[in-house]
């Protein structure tokens, strides 16, 4: 009870003639030293599109009040008391790069007042600060968000602000599911603004963040990689299936949906995110594969009236590339391809011989008219078989080109996927 009465007496004696409106110094020409320490408790949100960081901080400020000191022996050994922060003078330390619509600050908590006049004010605060977001390597990016604290009205000749430690305190930090905190170094700066000639000190805490990319890998990147591997398989589909172009268009539409999902969350900046570049490259590749598919299908459907395959194409495509990509006709093998074609080179040979024999015999043979008709029929069959061979050769050219472009696009998809996945390692 005696200790409580002494505390009431101490409170009455301290604040009887005290004013919280004036700077508590004996010499008004001297600056009042204020130390600042920030403890990062939680990252609430990082709004990349609006470039705003919302964080939960514990703000500790300490200074010496020359008018609130007492002899602790005269008050029963009371060394410290807790009083409302509105009772004492407080430095107007604010967040310079504040991005909140409302003018909010630290919570009105108590201050710890010690017998030597030292005041310590610990207050929690939820701050929204502007942060320049660079999404060039999204989702494998890192960000540097600055929190700049300083006095709003007092210059450096009146309130000299210092950082208590060289970095922000991360002891009580609650881990964020999306961002990993690498550090929070603190620097003291003295800036002279254009409005005033006096120097204004500030303390800047740089929050070093690294994005946890697992969520984006499994929800945006991996589906795109799997879908992009379907594009080369369009060349493997038979041309008569009628689904080659449909597959390419479907894959292109699916990637467009993923591209829109990424664009909605990113700020409209000139720098394109890494995953956006991957989407654009994949969509360009699929567009090219669809265009080549249409071109190859036009070759495949060359009718019997088409010109024969040029000699260079026959040698390069039907001879060399067909062997490399193991493309053979039905019943054709590596060893029997040449013999099979040689055996079918002169269809209707018996009819041709009969026609030549009839021509040599003239009308002396009683069956000359019959042989002439057989020769005509044989000639029609030769023309039909020649037209079929031309159409078959063009179909084989289209099939070889399908296999060639399938492997080319498979290699392209693999290299692009390896490049984007290599950024995550």
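Glycine is treated like the rest: Cβ placed from N, Cα and C.
Please treat TrEMBL annotations as automatic predictions, because they have not gone through curation.
What TrEMBL annotates here:
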DOMAIN    8-212  domain 'Neurotransmitter-gated ion-channel ligand-binding'
TRANSMEM  215-239  transmembrane segment
DOMAIN    220-420  domain 'Neurotransmitter-gated ion-channel transmembrane'
TRANSMEM  245-266  transmembrane segment
TRANSMEM  278-300  transmembrane segment
TRANSMEM  404-422  transmembrane segment
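Take the transmembrane segment (404-422) and the stretches 215-239, 245-266, 278-300: counting Cβ pairs under 8 Å, 215-239 has the most. Same-chain neighbours of the transmembrane segment (278-300): 221, 224, 228, 231-232, 234-235, 239, 244-245, 248-249, 251-252, 255-256, 258-259, 262, 272, 394-395, 397-399, 401-402, 405, 409, 412-413, 416, 420, counting only residues six or more beyond its ends whose CB sits under 8 Å from a CB of the stretch. Regional average pLDDT for the domain 'Neurotransmitter-gated ion-channel ligand-binding' (8-212) in the model is 90.
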